[in-house]
Amino acid sequence: MLDWDDDATPKQPQTSNPEGPRPVNVDDKRVINGETDINQLAPFKYPWAWEYFMNANKNHWTPLDINMAQDVHDYHHRLTPSEKHVYENVLAYLTTSDILAMRNIGLAVMEKMSAPELQIYQARQVYEEALHTWTYQHCIETLNLDQSEIYNRYRVVPQINQKIQVANRRLDAAMRSDMNLRNPDDLQEFIMSYLFFAAVFEGCWFYNGFSPIFALQRRGLMRGTGEQLQYILRDEAMHFSFGLKVVNQILEEENITLDPNAVREMWDESEAAEQAYADYILRDPILGYSAEYHSEQFRFVANRRARTVGLEEPFPGARNVSPWLDEQATMRKEKNFFETRVIEYQTGASLEW
Ligand SMILES: [Fe+2]
Ligand SMILES: [Fe+2]
């Protein structure tokens, strides 16, 4: 309450023109298929979306903030050929994936939202995906890797290409310009595409995708890259958590039930692609990390994402083989993961998902 306002009763918006636009009624706002004014931020129907935007802004950083000097030495003098293989292929996969993520949120998902508080966070997410792409490029440039070779790797390595193809096919479905979300078939297609994006692409493939490099970081190798990826992981943890909240909200508002066969197919296809990818990047296990370890963690994380949207666990009994991954994501202030910069810079609240 501002001190110049002595009236404690909330004021009703005044309408001076009875023929003109009506004030926005918060109950009329919807995630999709809403008809309220998309340019009017408040009143908020989804205040949690605004909170995500506030928290995202507390994780502000650029790749130039992090010292990469030791990584240059490590890469050229300390990594074994197997470790180089892991490092390079993880970067090759991630850099293509983050462009795909940016395009999906910015071009396919955001335009379908009919509440501006959702779009505001997604606008921030688009920027963050671009920032992630810059980060990989910064690592590639700093280590003086062959850019043409690294960026083309996803095209010529079938096991990397397969993951990108699965993502392209599932995400392209939501990019169709004639998609009409009032049509039940289109709505199902969109919700499955968004579920894949939030639960698998960001929630598993990104979330778990940094682990092989964290395994190097935990042994004191490539620590600058590891720190860069910790910042990215923190963004991604918010992205998939937000995405799953939006999916839940759409399921409730539109009264949709997911097709269990389509969901099962999504998990099976994603697991097969991840297994093949893990078998390739870790064809020789590195100290403390193996393909089996990576795939098991995928299954464990997938179970969690499924529960978040009220689905049964796709891989019952999967074990949490890398519990340290959650610590990397939450990066609470009291834990000094940041050895190359001032930790107080990060002030974001911890998240639950
Ligand atoms: Fe990203
Ligand atoms: Fe993301």
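Using the three backbone atoms N, Cα and C, a Cβ is placed for every residue, glycine included.
Remember, it's a predicted structure, so these values are computed and weren't measured experimentally.
A helical conformation is recorded for Tyr136 (active site) in the three-state DSSP classification. Taken from TrEMBL, the feature active site covers Tyr136.
Every protein chain shown contributes to the tally, and the Cβ of His239 (Fe cation 2 binding site) ends up with 27 other Cβ atoms within 10 Å. Annotation source TrEMBL lists Fe cation 2 binding site at Asp98, Glu129, Glu202, Glu236, His239.
For Glu129 (Fe cation 2 binding site), the Cβ neighbour count at a 10 Å cut-off comes to 25, with all displayed protein chains included. Annotation source TrEMBL lists Fe cation 1 binding site at Glu129, His132.
Sequence annotations record features per position, and here TrEMBL assigns region 'Disordered' to 1-28.
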Listed recorded positions adjacent to ligand 1, that is, members of Glu129, His132, Tyr136, His239 whose C-beta is under 6 A away: Glu129, His132
Recorded positions close to ligand 2 - of Asp98, His132, Tyr136, Glu202, Glu236, His239, only those whose C-beta is under 6 Å away: Glu202, Glu236, His239
Packing count at Glu202 (Fe cation 2 binding site) (other Cβ atoms within 10 Å of its Cβ): 29
Integer Cα-Cα distance in angstrom, Glu129 (Fe cation 2 binding site) to Tyr136 (active site): 11
List of residues, in chain order, with Cβ under 8 A from that of His132 (Fe cation 1 binding site) and at least 6 apart: Leu94, Asp98, Ala101, Ile232, Asp235
Sorted by sequence, non-Asp98, Glu129, Glu202, Glu236, His239 residues with Cβ within 8 Å of centre, Fe cation 2: Ala101, Gln125, Glu128, His132, Phe206, Ile232, Asp235, Phe240
